[in-house]
Amino acid sequence: MGIVEPGCGDMLTGTEPMPSDEGRGPGADQQHRFFYPEPGAQDPTDRRAGSSLGTPYSGGALVPAAPGRFLGSFAYPPRAQVAGFPGPGEFFPPPAGAEGYPPVDGYPAPDPRAGLYPGPREDYALPAGLEVSGKLRVALSNHLLWSKFNQHQTEMIITKQGRRMFPFLSFTVAGLEPTSHYRMFVDVVLVDQHHWRYQSGKWVQCGKAEGSMPGNRLYVHPDSPNTGAHWMRQEVSFGKLKLTNNKGASNNVTQMIVLQSLHKYQPRLHIVEVNDGEPEAACSASNTHVFTFQETQFIAVTAYQNAEITQLKIDNNPFAKGFRENFESMYASVDTSVPSPPGPNCQLLGGDPFSPLLSNQYPVPSRFYPDLPGQPKDMISQPYWLGTPREHSYEAEFRAVSMKPTLLPSAPGPTVPYYRGQDVLAPGAGWPVAPQYPPKMSPAGWFRPMRTLPMDPGLGSSEEQGSSPSLWPEVTSLQPEPSDSGLGEGDTKRRRISPYPSSGDSSSPAGAPSPFDKETEGQFYNYFPN
């Protein structure tokens with residue numbers, strides 16, 4: 001016991017030679033597949049039981065080899081797993097002075113001084129808009145908005161009365177003690193000792209910065225001091241902070257910070273823990289945390305220099321509503337004076353008598369002539385107008401849209417043809433004054449043409465009756481005049497009403513019946529429907 005057999009090296013150091021296959025058959029290693037130690041005997045194959053260790057140990061569980069997975073020549077004897085030592089598949093820590101494990105698959109070798117599992121590194125990059133100081137973590141709430149302005153070099157307006165910042169400073173704080181009291185304030189410091197000027201579309205340095213300007217450079221949050229739970233409950237906003245260039249400002253000194261124009265500044269957030277009984281003015285470096293965000297740098301100006309910054313302010317600042325309204329009102333007045341474009345069912349020209357002169361630019365089916373008996377009507381696609389009877393002949397459409405008829409006076413001019421192919425400018429057509437009516441009116445129409453009724457002979461002379469316009473509808477003549485003998489020329493020829501016997505004299509005889517007798521009135525009443 002304790003003597004290592006010759007030809008067998010230490011397995012831990014990797015010096016054990018591979019067993020030779022000479023003189024060994026396939027069944028020679030069957031006795032080595034499983035190892036059964038004798039009671040009270042130690043495992044001779046475990047090199048850790050050698051005399052070099054000097055300490056005995058008790059045997060553990062056996063780990064047999066997987067049957068049938070390897071050939072006999074490649075089967076290694078099993079090794080007992082001892083409590084307190086790594087089992088199969090586990091690794092020993094690297095020995096002292098070793099270089100650790102070699103790099104594998106492109107991964108560098110770990111630092112041996114850091115052990116097998118090195119701890120986290122503290123120099124990792126923080127995400128944008130987040131700063132850490134000790135246990136406190138502060139995030140810039142409107143980081144994305146500040147980044148947009150920072151791409152074009154943020155500008156802040158300063159005035160005598162003071163102007164609020166936009167974007168304003170807003171932070172989210174974490175890591176404070178809920179019951180401790182903290183004081184928060186913002187100060188503004190110079191970024192460099194240069195004077196800036198906007199030239200050729202960019203900001204360039206020109207000369208040295210002016211001397212320190214007297215005035216307030218500190219703005220304390222109105223809620224200070226307060227508990228940590230109060231500060232962490234919601235965002236800490238400095239929206240009431242104002243910037244001014246008035247050196248002798250005496251009003252609202254605590255709400256304004258005095259700056260110089262054309263200088264670059266950097267705002268900073270200070271969080272100071274206030275102890276009980278300690279004055280607010282007293283602060284030490286041990287309980288003060290300062291947070292700086294590079295994207296909040298700005299150049300103080302009295303008027304915006306970069307047009308990109310001006311547009312960003314108008315688009316994102318809710319207080320710039322007046323700028324947007326003035327800009328939009330310049331075009332709103334023009335839009336209101338111009339009528340909206342007509343719809344597809346609206347005719348652009350209102351003068352129907354001159355429609356044939358435009359080569360039928362806006363044709364409308366069944367406009368001047370009645371529709372075919374079997375043709376369906378599209379009540380939506382046809383336009384509707386309310387005009388004189390000589391301009392329209394589709395009374396059914398008015399009834400469909402529930403419009404009341406109204407008689408409008410007809411303007412003098414050429415009449416509209418009611419037949420297909422009729423040309424107003426035909427030679428000899430002239431400009432007739434009397435309207436033309438279709439041979440047969442629609443029985444369902446709401447309008448009935450009016451014709452002239454004879455007047456009382458005692459009310460006026462025949463010349464006045466002949467010159468008076470037609471006001472009464474045409475009815476079947478009692479006795480037609482001799483001039484109306486040509487009835488075969490057309491049904492559309494007008495016929496004059498004469499209740500008296502035909503004669504060459506237009507004056508009525510003394511014994512002629514009155515047109516207002518009962519017999520005469522009955523024939524007029526038969527014309528009108530009940």
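Glycine residues also receive a Cβ, built from the backbone N, Cα and C atoms like all the rest.
Annotated features in Swiss-Prot:
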type	residues	note
REGION	1-55	region 'Disordered'
MOD_RES	SER52	phosphoserine
MOD_RES	THR55	phosphothreonine
MOD_RES	TYR76	phosphotyrosine
MOD_RES	TYR117	phosphotyrosine
DNA_BIND	140-325	DNA-binding region
MOD_RES	TYR219	phosphotyrosine
MOD_RES	SER224	phosphoserine
MOD_RES	TYR265	phosphotyrosine
MOD_RES	THR302	phosphothreonine
MOD_RES	TYR304	phosphotyrosine
CROSSLNK	LYS313	ubiquitin cross-link
REGION	444-530	region 'Disordered'
COMPBIAS	462-482	compositional bias 'Polar residues'
COMPBIAS	498-515	compositional bias 'Low complexity'
MOD_RES	SER508	phosphoserine
MOD_RES	TYR525	phosphotyrosine
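Features per Swiss-Prot, on structure.
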{"residue": "TYR219", "record": "phosphotyrosine", "DSSP class": "strand"}
{"residue": "SER224", "record": "phosphoserine", "DSSP class": "coil"}
{"residue": "TYR265", "record": "phosphotyrosine", "DSSP class": "strand"}
{"residue": "THR302", "record": "phosphothreonine", "DSSP class": "coil"}
{"residue": "LYS313", "record": "ubiquitin cross-link", "DSSP class": "helix"}
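A distance of 24 Å separates the Cα atom of SER224 (phosphoserine) from that of TYR265 (phosphotyrosine). The Cβ of TYR265 (phosphotyrosine) lies under 8 Å from the Cβ of VAL188, VAL189, LEU190, VAL191, LEU259, GLN297, PHE298, ILE299, ALA300, each of these being in the same chain and 6 or more residues away along the sequence. On its own chain, the residue listed as 'ubiquitin cross-link' has PHE166, TYR304, ALA320 as residues at least 6 apart in sequence with a Cβ closer than 8 Å to its own Cβ. The CA atom of TYR219 (phosphotyrosine) is located 21 Å away from the CA atom of THR302 (phosphothreonine). Its Cβ placed at the centre, TYR304 (phosphotyrosine) has 16 other Cβ atoms within 10 Å. Highest local Cβ density among the modified residues SER224, THR302 belongs to SER224, counted as other Cβ atoms within 10 Å over all protein chains shown. Here the Cβ of TYR219 (phosphotyrosine) has 22 other Cβ atoms within 10 Å, regardless of which shown protein chain they belong to.
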